[in-house]
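Here the structure is laid out as structure tokens; the discussion comes afterwards.
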């Protein structure tokens, strides 16, 4: 029996990280027990030698499960999906499954990396705070427009139907962070706005939103 079979999972996370937020939602939706390990990015705790041993890039989240270390939100969620197939996050229908992958990829490749803390700090340093906000909003709008087109005709109560799926784990944190952190007007994106309304009514999504909103306000002040 491997050590991962018997040891409690540890999640290294930062409260304001939308990437880590995805994993926390997945763990709760699957009903999995885990130990929360806070990593304060503002204090540079992600750059300590101890943390860099877990992820040389210095990013959160990181999941440790026995002797298994995974340092990427999508990789972590796919590991959880295969290791713990109960309460699945991916539908059996191949078209819906592909839609979930595409929506998650738009967030992970075309939105979040271009407006994360490190990138925005660099842009502010080089070009000023006004350009930082303009940059972030430009890439969020571009990604949200693509998501609206992708999910049109496929969304139900949630992104790809009436059951929570992988796509929702990536959309919910991104949408609320865009509204609260960057002042995005979701009236331009009616489908995503409708999804966000549904997320706010769902226990595991709502719990995370209620915690993150005041933290974002504090971080901006």
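In case you wondered, yes, glycine gets a Cβ from its N, Cα and C as well.
What you see is a predicted model, and the numbers here were worked out from it, not measured in a lab.
As recorded in Swiss-Prot:
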BINDING   17, 18, 19, 20, 21, 22, 60, 72, 73, 112, 116, 117, 118  glutathione binding site
DOMAIN    7-88  domain 'GST N-terminal'
DOMAIN    93-221  domain 'GST C-terminal'
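Projection of Swiss-Prot feature records onto the structure.
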| residue | record | CB count, 10 Å |
| --- | --- | --- |
| 17 | glutathione binding site | 24 |
| 19 | glutathione binding site | 23 |
| 21 | glutathione binding site | 27 |
| 60 | glutathione binding site | 25 |
| 73 | glutathione binding site | 29 |
| 116 | glutathione binding site | 16 |
| 118 | glutathione binding site | 12 |
>> Need one number for the glutathione-binding residues 17, 18, 19, 20, 21, 22, 60, 72, 73, 112, 116, 117, 118: the maximum pairwise CA distance in Å, whole number please.
In response: 19
>> Using DSSP, what is the helix/strand/coil residue split across the domain 'GST C-terminal' (93-221)?
In response: 105 helix, 2 strand, 22 coil
> According to DSSP, does residue 21 (glutathione binding site) fall in a helix, a strand, or coil?
Replying inline: helix
>> Is it possible to list how many residues within the domain 'GST N-terminal' (7-88) are helical, extended or coil according to DSSP?
In response: 35 helix, 17 strand, 30 coil
